[in-house]
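Below is one structure, written out as structure tokens; the observations come after it.
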Amino acid sequence: MGFPASMSSPPSLLQLSSSSSSWSKSALFSVAPISFSPSTVKNALCRKRLVILSKRISPLEEAMRIRRERELQNTTKFRKRPPLRRGRVSPRLPVPDDIPKPPYLGSNELPDIASEHQIHDSEGIVKMRAACELAARVLENAGKLVRPSVTTNEIDKAVHQMIIDAGAYPSPLGYGGFPKSVCTSVNECMCHGIPDTRQLQDGDIINIDVTVYLNGYHGDTSKTFLCGNVSDALKRLVKVTEECLERGIALCKDGASFKKIGKRISEHAEKYGYGVVERFVGHGVGTVFHSEPLILHNRNDRPGVMVEGETFTIEPILTIGSTECVTWPDNWTTLTADGSPAAQFEHTILITRTGLILQFRLVLSMMVSLKPRLISLSVRDSTIRVCGLRLACHHNSDKLD
């Protein structure tokens, strides 16, 4: 449909249907609600009008639409910022010979996703917890380094040193040829950013993804940090992304369907007009880095239910704009196709016999997560937190394994 060349923009529906407008005198257009009667359309067609069907929306939907439009207008600020550029990548850092290494080293090919689910006995849970607590400590210390002018390479060096000082191996290093010990994903980088000499800028957001291999178990955690004076739009994106994760976690219990997680995350993200990236999924984690089940964060019909002793990750990525992505020639760094910002949070969940959900609060580095918050014993909102593990009481809240 065209519009007069003298107009700087197309007339709105209100203008087209207004009796005070010169457009109504020409009788070219007619607006009908979605609940129109057949006679309404018939009469309009007889008068050779173009019928425009409109749908009534609730006040809440209208408020969210306006909020989303304003946020999209804010993306022009992001586009004015220089796009992410790759800096110089320094050589990989050495790991002492006496530190045990994961089996995937020595190949630049990505390992296959293991078909077996990660189900642990009591000894395995203890080892998983130790790996997760170490990853959490490293992540929190790495987050303290986030400030303008710091390079992601400096963050990588600090993370690498903390991990090997604890007698663990940095899981990303050498995984499918990944050249660094941590993933650092800035602004429009969805995930898997390679640390380099680029300096962080005031107003950036950065996801730091730490994974350690300790006593034969992978502990993985990530979090999106704010660098300096960050805009309200970016703060909201980061906040809602973490809320999406928490809503997915709230559904977890023995016998629950995995597909409900994606539905709950999508519903919350859509309330704020954000997109959920479908390409990257959660998965099993434990003695292997990535295994079944794969956890989709969007609406889906994938079969499968949670079972006792199982560990898996939930790790949504939300974007302000497009959910489509592009990958740099390094085959790792993945950015939003339109350059709009993205944020990610991830956790690993353990389902127990009593119906308690033991959450190692972490997030994925290559696609996984676990992130203990290292809190001493406390009880709040039917949740018991002990040494960084969170026990969400769903059934027998008086019994702990």
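Note that the numbers count up from 1, one per residue, in the order the chain is shown.
Using N, Cα and C of the backbone, Cβ positions are placed for all residues, glycine too.
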Region 'Disordered' according to TrEMBL, located in which of 62-81, 82-101: 82-101
Recorded divalent metal cation 2 site member, picked from D202, D204, D220, that accompanies H283, E315, E346 in TrEMBL: D220
Binding-site residues: D209, D220, E315 - member with fewest neighbouring CB atoms within 10 Å: E315
Per-state residue totals over the region 'Disordered' (82-101) - DSSP helix, strand, coil: 0 helix, 0 strand, 20 coil
CB contacts for H290 (substrate binding site) [other CB atoms within 10 A, all chains]: 24
Separation of alpha carbons, H192 (substrate binding site) and H283 (divalent metal cation 2 binding site) (Å): 16
Subset of binding-site residues (D209, D220, E315, E346) lying within 10 A of H192 (substrate binding site), CA to CA, in sequence order: D209
Other CB atoms, at most 10 A from the CB of H283 (divalent metal cation 2 binding site): 27
Overall pLDDT for the domain 'Peptidase M24' (127-352), taken as the rounded mean: 95
